[in-house]
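Novice: This is the structure, below, for whatever I ask next.
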Amino acid sequence: MRKRARIIYNPTSGKELFKRMLPEVLVKMEKAGFETSAYATQKAGDATIESKRALQEDYEMLIVAGGDGTLNEVVNGIAEHPKRPKIGVIPMGTVNDFGRALHLPTDILKAVDVIIEGHSVKVDIGKMNSRYFINLAAGGRITEVSYETSSKLKTFVGPFAYYIKGMEMLPQMTNVDVRIEYDGQVFQGEILLFLLGLTNSMAGFEKLVPDARLDDGYFTLIIVQKANLAELGHIMTLASRGEHIKHPKVIYEKAKSVNISSFEQMPLNVDGEYGGQLPANFLNLKQHIEVYTPKDVKNTELIQQD
């Protein structure tokens, strides 16, 4: 009996390239022995609903073609199910942080080849209150950039759109007084932003978490303490080289669980989408999701292989 695969794709991602190549992808999967069907999302939340339906239909594999937001929705659809299908990822978004972390090819047919080869690893995901994430959670005005940037601008200039929007928002940066509890430790004070990372790549910064491990059960907690615009600019420059962890205004820790609260409002970002406001409780779910990765790429700096 052939394995069944369900493709969940965002038809607007990647300048609609995947939609045009879908027939070729289906033929390739069928030739490889998979009974494959596809579903196109139309609005936010559709990928979550469809992935839950795919669980009820006992699909062995879900293939996600879209950006980090589409992948996040699929993860939220299957995370609470005891028998979760393996996930194949075809990176079609603007930045594709998760795809970068796993060294997935951006060429559609090469990404399909990775899935067909069948090499997979188990990776951690995070839970924030009642929702899940696979790449990062963050808080602070600057973290609004990813979901405040218009789709038209992203289509026109690609990842550079985030830098344009970020420069526009810099004058609006504010520090917020927070309490952060993590694995028995406590930080209390004013911060500009915090990041909780599961991978090494966030918003296109591939060295933001230079010692990332995708399956060790730990978040990387980055706290940028009260800072002015000049200090923030310096920290961001250092972050492009992975040297921000040495800056005196940066706290860099590993934690399995984190609780953050404040009497002030602080917007949250979950895998590039708006995640509400504080307070928030974060829990790392170790090796919770299984994903396909290139077998010829040594992820020694990222994945702890047995």
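Positions of Cβ are set from backbone N, Cα and C atoms, glycine also.
Dumping what Swiss-Prot says about this protein:
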DOMAIN    1-132  domain 'DAGKc'
BINDING   ASN10, PRO11, THR12, SER13, GLY14, THR41, GLY67, ASP68, GLY69, THR70, LEU71, ASN72, GLU73, THR94  ATP binding site
BINDING   ARG213, ASP216, TYR218  Mg(2+) binding site
ACT_SITE  GLU273  active site, proton acceptor
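Locate each feature and note its surroundings.
Specialist: In three-state terms derived from DSSP, LEU71 (ATP binding site) belongs to a helical segment. The number of other CB atoms found within 10 A of the CB of LEU71 (ATP binding site), across every protein chain shown, is 32.
Taking the Cβ of TYR218 (Mg(2+) binding site) as centre and 10 Å as the limit, one finds 19 other Cβ atoms among all the protein chains shown. Under the DSSP three-state reduction, TYR218 (Mg(2+) binding site) is assigned to coil, being neither helix nor strand.
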Novice: Including all protein chains displayed, how many Cβ atoms other than that of ASN10 (ATP binding site) lie within 10 Å of its Cβ?
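Specialist: Result for ASN10 (ATP binding site): 24 neighbouring Cβ atoms inside 10 Å.
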Novice: Have a look at the recorded positions ARG213, ASP216, TYR218, GLU273 and say which one has the shortest Cα distance to LEU71 (ATP binding site).
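Specialist: For LEU71 (ATP binding site), the spatially nearest of the recorded positions is GLU273.
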Novice: If you skip the near sequence neighbours and keep only those at least six away, which residues in the chain come within under 8 angstroms of GLU73 (ATP binding site), Cβ to Cβ?
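Specialist: Listed in sequence order, they are THR41, ALA44, GLY45, ASP46, ALA47, THR48, SER51.
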Novice: If you count CB neighbours within 10 Å, which one among the binding-site residues GLY14, GLY67, GLY69 has the smallest count?
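Specialist: Comparing Cβ neighbour counts within 10 Å for the binding-site residues GLY14, GLY67, GLY69 gives GLY69.
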